[in-house]
């Protein structure tokens, strides 16, 4: 299921905030997000279940939880504004909902950056059929 969602995004030509999130991740980590994070662990990419495999996967778990709290807009598709000032991401705009989405994405990108040293290539294309531990609650 995660694979189909990612492929659909790639084929459609990413619109709205998914492209913005990709740019944030690239800026913070230097990694290509689709290759490095789209299929990482049990939570990066579409959906998630089980227990996060490591700190990077936990970044995705927390990001999913952050999205669950957003109301009034579609976190995956609605466009938001942000800028980069002195290496920091600054979320802007007048819409509180899309600003909240931006803050979720910003926190995840920073989390990825802060956990680069523990990033494990073995989780880069981790099959979700191995995510069998009980699912944690947000």
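From the backbone N, Cα and C atoms, a Cβ is placed for every residue, glycine too.
The signal peptide annotation in Swiss-Prot covers 1-16.
The secondary structure of residue 42 (disulfide bond), as reduced to three states from DSSP, is coil rather than helix or strand. Counting Cβ atoms from all protein chains shown, residue 42 (disulfide bond) has 27 others lying within 10 Å of its own Cβ. Among the features that Swiss-Prot reports, disulfide bond is placed at 42-131 (among others), with the record citing similarity to another entry.
Feature annotation from Swiss-Prot assigns Ca(2+) binding site to 43, 45, 47, 64. Reduced to three states, the DSSP call for residue 64 (Ca(2+) binding site) is helix.
Neighbours of residue 60 (disulfide bond), defined as other CB atoms within 10 A of its CB across all chains, total 22. Taken from Swiss-Prot, the feature disulfide bond covers 44-60 (among others).
Annotation source Swiss-Prot lists disulfide bond at 59-111 (among others). Counting only same-chain residues six or more apart in sequence, the Cβ atoms lying under 8 angstroms from the Cβ of residue 111 (disulfide bond) belong to 55, 56, 58, 59, 62, 63.
Summarising the annotation, Swiss-Prot assigns active site to 63 (among others).
The disulfide bond annotation in Swiss-Prot covers 65-138 (among others). In the three-state DSSP scheme, residue 138 (disulfide bond) is classed as coil.
Residue environment of residue 104 (disulfide bond) contains 24 other Cβ atoms, counted within 10 Å of its Cβ in all protein chains. Annotation comment: Swiss-Prot describes 66-104 (among others) as disulfide bond.
Around residue 73 (disulfide bond), taking its Cβ as the centre, 18 other Cβ atoms fall within 10 Å, counting all chains. Here Swiss-Prot flags 73-97 (among others) as disulfide bond.
Annotated disulfide bond per Swiss-Prot: 91-102 (among others), in sequence order. Under 8 Å, Cβ to Cβ, and six or more positions away along its own chain, residue 102 (disulfide bond) finds 17, 20, 80, 81, 82, 91, 92, 93.
Residue 105 (active site) counts 26 other C-beta atoms within 10 Å of its own C-beta, drawing on all protein chains shown. Residues or ranges marked as active site in Swiss-Prot: 105 (among others).
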Next on the checklist: Show me the subset of 42, 43, 45, 97, 131, 138 whose Cα is within 10 Å of residue 105 (active site); these are the recorded positions I mean.
Outcome noted: none
Item to check | 10 Å Cα neighbourhood of residue 131 (disulfide bond): matching recorded positions from 43, 45, 66 | outcome: 43
